[in-house]
Amino acid sequence: MSCVQKQPKRSRSEEFLHHFSLLVLFSGMEGDPDLQFLLKGGDLLKVLSPSWKKTRFLRLQDDCKTMWRESKKTFKSCQTFPVADIQEVRMGRQSEGLKKNAEEQAECRCFSIVFKGRRKNLDLIASSEEESKQWIKSLQKLVSNVNNLNRMQTTEHWIFSCLRKADKNKDDKLSPSEVKSFLRLINIEMDDDYADMLFKKCDKSNSGYLDGEEIAHLYDLLTNREEIDVIYGEYAKTTGFMSADNLVGFLMKEQREKATLADAQKIIEKYEPDEQAKEKKLLSKDGFLMYLHNVEAMILNPEHSEVYQDMQQPLNHYFISSSHNTYLTEDQLKGPSSTEGYVRALLKGCRCVELDCWDGSDNEPVIYHGYTLTSKILFKDAIKAIKENAFKTSDYPVILSLENHCSLEQQVVMAQHMSSILGSALVTSPLGDNMPTNFPSPEELKGKFLIKGKRLQKLEEEESNDESAEEEQKEKRKKKLKLAKELSDMVIYCKSVHFHSFKDARKTLSFYEMSSFKEGRAVKLADESANDYIRHNVEKLSRVYPAGSRTNSSNYDPVPLWNAGCQIVALNFQTGCKEMDVNQGRFVVNGNCGYVLKPSYMRDRSTEFDPITLTRGEWLKHKILHIMIISAQQLPKVNKKKSSIVDPLVRVQIFGVPADVAEKETSPVDNNGFNPAWNENFQFDVYVPDLALVRFVIEDYDSTSDNEFVGQYTLPFNSLKMGYRHVPLLNKNGDLLPSAGLFIHAMVLDEE
């Protein structure tokens, strides 16, 4: 299987484009052996089932951003996939597919390409352990390089790829028709007169085609951003460049940042591409734009990208990123169950996952959505996947929410699996020497697993000295609750109990006893008894889950439940939707650790805060948000047809307490997804900024039907940076759109 197909010799044009791709993607690593290995490619076994293992030739295409594979026997199965779509490359039989379908002795030759979103893994077997390691090493390096490209590099590479596609005859030249094709590829539709004018402006040689410097001039005209010219021109007072003093002025006046001369000099040293300008401590326009594209200069406060909150508070004082029916990857009735559901949720920062446990064959418990046609996975496989991936994104505790439908015998097996697989990371007794009266903190529980489930009442064994009577009493209690002591003993801080009323809960429940609420009841309580709900959640944990009617795995709005202090608001992570965007926005801060500290007035037993009535208090901090939507760059097509061009508009949405909820939108820009400009201003009143989130969403306008989603970004109001900021854009699955972005100006003022 290690044979390599001989590749045809590249033309002069292809060689030039190939080296440009290498330059952008690998910054001078043209001779890198790992890259050369991928460009040559080789045969691998693709695995779908124990009996379906077929040879596929896999290699990196010359654009260095697309993987290509084909069947040996049929031309129909030639497929490509972007390197940017790869989430990770896993060594060995780590995927669910390879565990089921590959022999144990092939462990050292196996690896999986795991994709972002819902796409199934590509499970592969190499001919030798050495070859497998080479594939894994090379692919991991490629993915890392692609992920580490800044937006300017990604944009350059994408535009150059479009130029390459437009050059139909590969002669390194662009005819007028090829220029129009190129414009459509980059999401611009121009009328013929304007396209001809642009062509003539670049055709300095009057040859009737563009090549070399003329193509470069076309690139410069298309990528030039007038708004950046204006901003830069305001501050570039030193012979057309920005000095360190000029940059300090920009940072303090426009960006509202505390900045020193030393800070400005560090920015110049880091982002100025021109060595001569750098030596003179000057910042060119290119350097200025590179700085604005930097993550630290974007809309999200970079300090909030790390864990910055107090993590020593009791566990129930945090909002906790939570998943419903985590094992499902599609709908709730007949879709597949998979350990990948746990892997993907945990890697996104989820800290509470759900396991629906039922009796399986051979005394092995299984997980599936009971009384439906969803497929089944072994309980022990789910626990192994959770153990392997729980703390890759976050060190903070993971809650395993057990829906236990198993017999006593298989409950014992469940307990044995969790004990043996999770080991000392599983909390099986209260922390500390004394009887606890409150939850431990996320900091104290780092690297730990908590079990949420039912628990036996303490047996009053001292009431009887008769050993046989004692055993009989134990047996009666077990039968009544149908709960194995081995499993019950693992429930320490999250005991599931039925909710009757807030008054009853205050009187009868201990701090570790928690209730789960179906969305309908939770929303009703949040609407009618918000303050009682908030006070309840000061002392207890609450979990909310979707209604059973959501068979398509749709989601409910989590915001009203957060407003009521509910910590574990469980959503269907497999469904890309507005509600999941908002959930991702809530937890994008604090290092994406899955825990966000609730405001102080939602941690106070005597709080008067009510998000509905909104009486005066420390929570009322009236702010005025001014947003100017300036422009967008390199928006993706939503319709893959070459002739389809995006007509983008931008919506700005505020989520939070009812008084803060608002939405405003720009007018659409016709036929331009490449560099649309709006320059439209909006103003919003925000009364409870601690609970507010801001969502920027771009849609493709359609006058005859619903607009189509292009991209979005959501973040907490208090994490929004002021000034001129680029806003990254995420796709429906919550993954970054590499070259796309929105450019805005934001200002937050106190209402006097």
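Glycine residues also receive a Cβ, built from the backbone N, Cα and C atoms like all the rest.
Among the features that TrEMBL reports, substrate binding site is placed at 46-73, LYS452, LYS454, SER516, ARG543. Per TrEMBL, O-linked glycosylation site is recorded for SER205. Taken from TrEMBL, the feature active site applies to HIS324, HIS369. Per TrEMBL, Ca(2+) 4 binding site is recorded for ILE645, ASP647, ASN671.
The structure, with features from TrEMBL marked on it.
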{"residue": "PRO50", "record": "substrate binding site", "Cβ contacts under 8 Å, 6 or more apart": "LYS100, ASN101"}
{"residue": "LYS54", "record": "substrate binding site", "Cβ contacts under 8 Å, 6 or more apart": "LEU45, LYS46, SER71"}
{"residue": "LEU58", "record": "substrate binding site", "Cβ contacts under 8 Å, 6 or more apart": "GLY41, GLY42, ASP43, LEU44, MET67, TRP68, ARG69, LEU124"}
{"residue": "SER205", "record": "O-linked glycosylation site", "Cβ contacts under 8 Å, 6 or more apart": "GLU214"}
{"residue": "HIS324", "record": "active site", "Cβ contacts under 8 Å, 6 or more apart": "GLU354, TYR545, PRO546, ALA570, LEU571, ASN572, PHE573"}
{"residue": "LYS452", "record": "substrate binding site", "Cβ contacts under 8 Å, 6 or more apart": "CYS352, ILE399, LEU400, SER401, LEU402, VAL491, CYS494, LYS495, SER496, MET514, ARG543"}
{"residue": "ASP647", "record": "Ca(2+) 4 binding site", "Cβ contacts under 8 Å, 6 or more apart": "PRO668, VAL669, ASP670, ASN671, ASN672, ASP700, TYR701, ASP702"}
Next item on the list: Give the distance between the Cα atoms of HIS369 (active site) and GLU70 (substrate binding site), rounded to the nearest whole Å.
Entry: 37
Check: Relative to the Cβ position of HIS369 (active site), how many further Cβ atoms are located within 10 Å?
Finding: 22
Item checked: Most crowded position, judged by CB atoms within 10 A, among LYS46, ASP62, THR66, GLU70, ILE645 as binding-site residues -> ILE645
Next item on the list: Find the one among the binding-site residues ASP62, THR66, GLU70 whose C-alpha lies closest to that of ILE645 (Ca(2+) 4 binding site).
Entry: THR66
Next item on the list: Measure from the Cβ of ASN671 (Ca(2+) 4 binding site) and count the other Cβ atoms within 10 Å, all protein chains considered.
Entry: 18
Notebook entry, point to check: Within 8 Å of the Cβ centre of ILE645, ASP647, ASN671, which other residues of the chain have their Cβ, at the recorded Ca(2+) 4 site?
Noted result: ASN187, ILE188, GLU189, VAL646, VAL669, ASP670, ASN672, GLY673
